[in-house]
Structure formats: structure tokens, C-alpha cells
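Presented below is the structure to which this report refers.
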Amino acid sequence: MSLQAPPRLLELAEQSLLRDRALAIPTLEELPRELFPPLFMEAFTRRCCETLTTMVQAWPFTCLPLGSLMKSCNLEIFRAVLEGLDALLAQKVRPRRWKLQVLDLRNVDENFWGIWSGASALSPEALSKRRTAGNCPRPGGQQPLMVILDLCFKNGTLDECLTHFLEWGKQRKGLLHVCCKELQIFGIAIHRIIEVLNTVELDCIQEVEVCCPWELSILIRFAPYLGQMRNLRKLVLFNIHVSACIPLDRKEQFVIQFTSQFLKLDYFQKLYMHSVSFLEGHLDQLLRCLQAPLETVVMTECLLSESDLKHLSWCPSIRQLKELDLRGITLTHFSPEPLSVLLEQAEATLQTLDLEDCGIVDSQLSAILPALSRCSQLSTFSFCGNLISMAALENLLRHTVGLSKLSLELYPAPLESYDAQGALCWGRFSQLGAELMKTLRDLRQPKIIVFSTVPCPRCGIRASYDLEPSHCLLNACCQGGFI
């Protein structure tokens, strides 16, 4: 017969606190701070809303990372937490142990709860994230309470917790500092976005992603808010279209309205654009407005003119560039000089270069090779999808001998791998792949390298040849179509 172990002190405290709400305040006054997180988790799990309200008031840590505990919206619990904040805000003089300054609604700090429950140790990454949260700019002096959240607009509506919080926050304007670090837009009416932005401190926003199709006219309505995000580091724009109905002079006015916002962004470093056309012939206007060196320029499947590339190559802000991605921009008829100059400008810092599916031909490749060979920090190079001969590829590989940090290399299948009609000759591709691998191994020891074909017209998959001959890959649906 086994004896049941006596309940631990923590379990007794949980039972006492959660059984009798009237006992909560006196108990919390004397409770060791180490017991607060596990007790809070237990009250959260049991949905003891009155107890949660009381614990929020008496929280003995500067930060309450609620977001990592509340994985999905539970309006009842969320209201209980906000009621605790109301009680805290109403206190003109707080008890010494009541230290809550930050309510963090982001899902970033699971280890806070894990360490108190004994599940894990607090990681340096988690500590870093919590310190970062406290570095938010606070204009006009310290605010009594900061609420940190990331905003993600999708499915056309706001979730009920966010809706409730925004309404609650409006009624307490001046008492709260609502800090949003990341803003993601996947689909919602622009007037709803503006309504939300009017409730947060725009100075706090560091990353913005617009991942839904917008007309240029909608982007322009958003642009003034972008200019107020003075700590913005990263901007992502997907599928910004220009209506055929917009007159040319009106479009140019829109471009000025958008690009001028960058004059106010002193810390901007990372520009990502996919399928954006309105800057064609106007990229120089944006580049002139940049206030800080760029680390990342990603412009994929965008419309750019040769003059745009030339302006980019001479822009002072790209001299510390770490990532350049021009994937899907057709460069076939461009002079190779701007790209060569661009690589020269960034040769000391460039780590990632993606020129996939740019339509680059042998003569252009030959012109940029001297600059490419001096990019000493390059670790990732993607060049597949270009129309390059066997001789030009061998020359390219020879020019990578000094690039000791290369860890991922993606190259196109040689033109000789295809027949006159453009169909892949699989046997020929395998033979040429083996020759290229031998050439490369005679020069240096590659880490990850792949030679791949153009996408199959039937399935869209690229056949590839990597370091080991046994790893030649060919999509099964295409077997019959290859020689």
C-alpha cells in the first residue's frame, strides 16, 4: 500500500487562493513573488476571472507576458485582465510590491511561464526579447502603463479581443502607451486599419508587411501613417497595382507622396517588394529620400527600368548592403554595367545574392564576374533560371574560388542540356552536371551546390543535379517528356 505524498506548499496556496476570493488580496500581500506565475497559470487554466483580476493588480514583476499564455482569444479572461489594469490605473499610490509596468500581448515569451513551472530554463533569447520590449520610445515622459502587441489584420475582420481592447484603450487615452512592434496586413478595409493605427503609438512600429493586393490609391491613404513610424526598420509590399484609370500626372503625384515618407524614417534598413510596378522609372525618387544605409533590397518580379538599376547602383545607401534579391526581374536587354557597379559598391558586406530567373546571358555574366569574385562575404548565391552556356558556367565557377564563405550555390543547367525545341535532354544534363562538379571540386570543396533546369511546363518543378550523382532528381510526371 503506497502512501500519498502530502500536498506541496504551492498546491496548498493554489487551493486557498482559488477557493475563496475574499482571501485573495490578503494572501497576495504576503505571497512570495515566485509563487505568482504558477498561481496565475492555474487561475488562467481554471478561468477564475475574479482571481486573475486581483492578481493583475498585485503583479510583482514589471512585465506580464499574457500573449504567450493566451494562445487564442478568450474574451472572458481578457476582460478580467483589463479589469485588473483598470484597478491598477485607479491607484494614485501603489503598494511597493505592485510593479506591473508592461502588459505584453505578443506570443514571444513562453519561457517566462516555463521557468516558474519548472518546465524549462529562461533562454537568453527570451531575456533579449523582454529587454527589447522595454526600449520603446515614450514621447512626453514616462507613461504609467505600456501595452505591447503585434497587429495582424486578416480575413476581413478583427478578432473580438482586439476589438474589445481598442475600444477599452480609446476610453483610457493618456493613461496607456499602446506599443505595436510589428504590423501585418493580409486583408481588411483600409478605414479599419486607419482606425486602429489612430490608437497606437506609431513611433513604436519597426516592421510593416502589406501582404494583400492594394491599388496604389489605397497605399497612398496609408502612406502618411507610414511616415509617422519613425523607428521603422523593415517594409514589405506585395502586389501593389496601378489602376489603368489613373492619369500619368496623378500617378506621379502618388509616387511623390509615397517616396517622401522615407525622409522621416531615420532607421529604415530593409526594403522588400514583390510584384510592384508603380516605381518603374521612379526608383531614384525613393532612393534620394533614404536616410540610413540599407541592409536588404529585395525586389522580386517587379517592373524596373535600366535607369532604375543604374540609380540603385550609385545610391550611397547600398554600400553596406547584406542582401540583394532581384529574382524574376528581366535583365536580358539591360547593360551589365549597373549590376556590376552595384556589386562593387557592396562587395565588402554582401552576404546573399539572388539573380534567379533574370534572363541573364553569357555576355552579361562575363561582365559582372570581376565584381562578383570580390564579394568576399557572400554565403548564398542563387543564379538558376538564366540562359548560360557550359563554357560560361565553368568560367563562373572559376571566379568563385576566392569566395570562401559560400555555403549555398544554385546554378542553371547549361544551355547544352536542352535540344533545339527547348526540351531537356536528361542524359546530357547528367553528363554536364558531373563535369561541372568535377571542375568545381578541382578548384575548391563546395558545401551545398545544385544545378537546376528551367521549370517543367507541366508541373512547374525544376529538375536538379546536386553534389552526389545518386541525387539527380527528376519529377516523375515529366519522365516521358525528357530525353
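Note that Cβ sites are derived from N, Cα and C of the backbone, with glycine treated the same way.
Annotation comment: Swiss-Prot describes 97-122 as repeat 'LRR 1'.
Annotation source Swiss-Prot lists repeat 'LRR 2' at 177-201, citing similarity to another entry. Computed over the repeat 'LRR 2' (177-201), the whole-number mean pLDDT of the model equals 90.
The repeat 'LRR 3' annotation in Swiss-Prot covers 202-228.
Among residues of the same chain six or more beyond the repeat 'LRR 4' (229-264), those with a C-beta under 8 A of the stretch's C-beta atoms are 137, 202-217, 219-220, 223, 270-279, 282, 285-286, 288-291, 296. The repeat 'LRR 4' feature in Swiss-Prot is assigned to 229-264.
Among the features that Swiss-Prot reports, repeat 'LRR 5' is placed at 265-290.
Positions annotated as repeat 'LRR 6' by Swiss-Prot: 291-322.
Tertiary neighbourhood of the repeat 'LRR 7' (323-341): same-chain residues 295-302, 304, 306, 309-310, 312-314, 350-361, 363-365, 367-368, 370-371, 382, selected by CB-CB distance under 8 Å and a gap of 6+ residues from either end. According to Swiss-Prot, the feature repeat 'LRR 7' maps to 323-341, an assignment based on similarity to another entry.
Residue counts for the repeat 'LRR 8' (347-374) under DSSP, helix first, then strand, then coil, are 11 helix, 4 strand, 13 coil. The repeat 'LRR 8' annotation in Swiss-Prot covers 347-374 and is backed by similarity to another entry.
Residues annotated as repeat 'LRR 9' in Swiss-Prot, with similarity to another entry given as evidence: 375-399. Residues of the repeat 'LRR 9' (375-399) grouped by DSSP class, helix first, strand second and coil last, total 9 helix, 4 strand, 12 coil.
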The repeat 'LRR 5' (265-290), counted residue by residue under DSSP: helix, strand, coil: 6 helix, 7 strand, 13 coil
